[in-house]
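Visitor: Heads up, here are the entries from Swiss-Prot:
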type     : residues : note
TOPO_DOM : 1-11     : topological domain 'Cytoplasmic'
TOPO_DOM : 33-55    : topological domain 'Extracellular'
TOPO_DOM : 77-103   : topological domain 'Cytoplasmic'
TOPO_DOM : 125-145  : topological domain 'Extracellular'
TOPO_DOM : 167-172  : topological domain 'Cytoplasmic'
TOPO_DOM : 194-217  : topological domain 'Extracellular'
TOPO_DOM : 239-246  : topological domain 'Cytoplasmic'
TRANSMEM : 12-32    : transmembrane segment
TRANSMEM : 56-76    : transmembrane segment
TRANSMEM : 104-124  : transmembrane segment
TRANSMEM : 146-166  : transmembrane segment
TRANSMEM : 173-193  : transmembrane segment
TRANSMEM : 218-238  : transmembrane segment
């Protein structure tokens, strides 16, 4: 049995990878779109590829980062890299309650450090112009619409995780690519609604570093990306448990 300390380090590394490459790709897209001038900080739907093409690129960046993390770290920690996934697994007794808080702390720290290191690589414009890939409801989308999108998106993510990674009947070796492509598809569809976070840690890292280095306060939106993903993950885990029960 791998020690809790080592598993938490693996969660830190996995969430670092997710935020550095995933959220970083969103920041780069906005920086390209802006031409060096700060536009609406939440509008990252128009960049080099234009509209949907940008979301496909961002989704694939997240998907590849997730797949790589799962294959590299899954045998160590399970590679949750998402507090909503950890809580979802706990809700159906697939993860011990005493380890939930340490996992979530490791995930939040990994996300914050990933966003910070991306800022050091890309420069201050990554925060002042690119927002470090922070998520927020898009113009015309209400608070509750964005939260509903996060519930639905995370429901799909979590039920996929239950089927391909948790269920012992699932074929071995496919979890990384299937989960990664699922996230890519969700981001492509929901990105222009809520930013498609699906993960409280993924949003936490950019929010914290944007506040510190760019003076941008987006925390009023944070409940969307905590409540929505957790509700979606728990509902999906309970649904899968019910559907597969005797």
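Just so it is clear, glycine is given a Cβ too, placed from its N, Cα and C backbone atoms.
Thinking about packing and proximity, how do these listed features fit into the structure?
Guide: In the predicted model, the topological domain 'Cytoplasmic' (1-11) shows an average pLDDT of 97.
Long-range contacts of the topological domain 'Cytoplasmic' (77-103) within the same chain, counting only residues at least 6 positions beyond its ends with a Cβ under 8 Å from a Cβ of the stretch, are 2, 4, 6-8, 10-11, 14-15, 17-18, 66, 69-70, 110, 154, 157-158, 161, 166, 198-202, 229-230, 232-234, 236-238, 240-241.
Same-chain residues lying 6 or more positions outside the topological domain 'Cytoplasmic' (167-172) and placing a CB less than 8 Å from one of its CB atoms are 240, 244.
Sequence-remote contacts of a segment are chain residues at least 6 beyond its ends whose Cβ falls under 8 Å from one of its Cβ atoms, and for the topological domain 'Cytoplasmic' (239-246) they are 92, 155, 158-159, 162-163, 166-167.
Counting same-chain residues at least six beyond the ends of the transmembrane segment (12-32), those with a Cβ under 8 angstroms from any Cβ of the stretch are 39, 41, 43-44, 47-48, 54, 57-58, 61-62, 64-66, 68-69, 72-73, 77, 79-82, 106-111, 113-115, 117-118, 122, 125-126, 129-134, 199, 201-202, 205-206.
For the transmembrane segment (56-76), same-chain residues at least 6 beyond its ends with a Cβ under 8 Å from one of its own Cβ atoms are 2, 6-7, 10-11, 13-14, 17-18, 20-22, 24-26, 29, 44, 49, 165, 175-177, 179-188, 191.
Non-local neighbours of the transmembrane segment (104-124) in the same chain are 8-9, 11-20, 23-24, 27-28, 31, 80-83, 86-87, 130, 132-133, 200-202, 204-206, 208-209, 213-214; each lies 6+ residues outside the stretch with a CB under 8 Å from one of its CB atoms.
Cβ atoms under 8 Å from those of the transmembrane segment (146-166) belong to residues 70, 74, 84-85, 88-89, 94, 136-137, 174-175, 178-179, 182-183, 186, 189-190, 193-199, 221, 223-225, 227-233, 235-237, 239-241 of the same chain, restricted to positions at least 6 beyond its ends.
Through the fold, the transmembrane segment (173-193) approaches residues 45, 52, 55-56, 58-60, 62-71, 74, 137-138, 141, 145-146, 149-150, 152-153, 156-157, 160-161, 164-165 of its own chain, all at least 6 residues removed from its boundaries and within a Cβ separation under 8 Å.
Within the chain, the transmembrane segment (218-238) has long-range Cβ neighbours (under 8 A, six or more residues past its boundaries) at 82-85, 87-89, 91-92, 94, 134-137, 143, 146-159, 162, 194, 197-200, 202-204, 207, 210-211.
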Visitor: For the topological domain 'Cytoplasmic' (239-246), how many residues does DSSP put in helix, in strand and in coil?
Guide: 5 helix, 0 strand, 3 coil
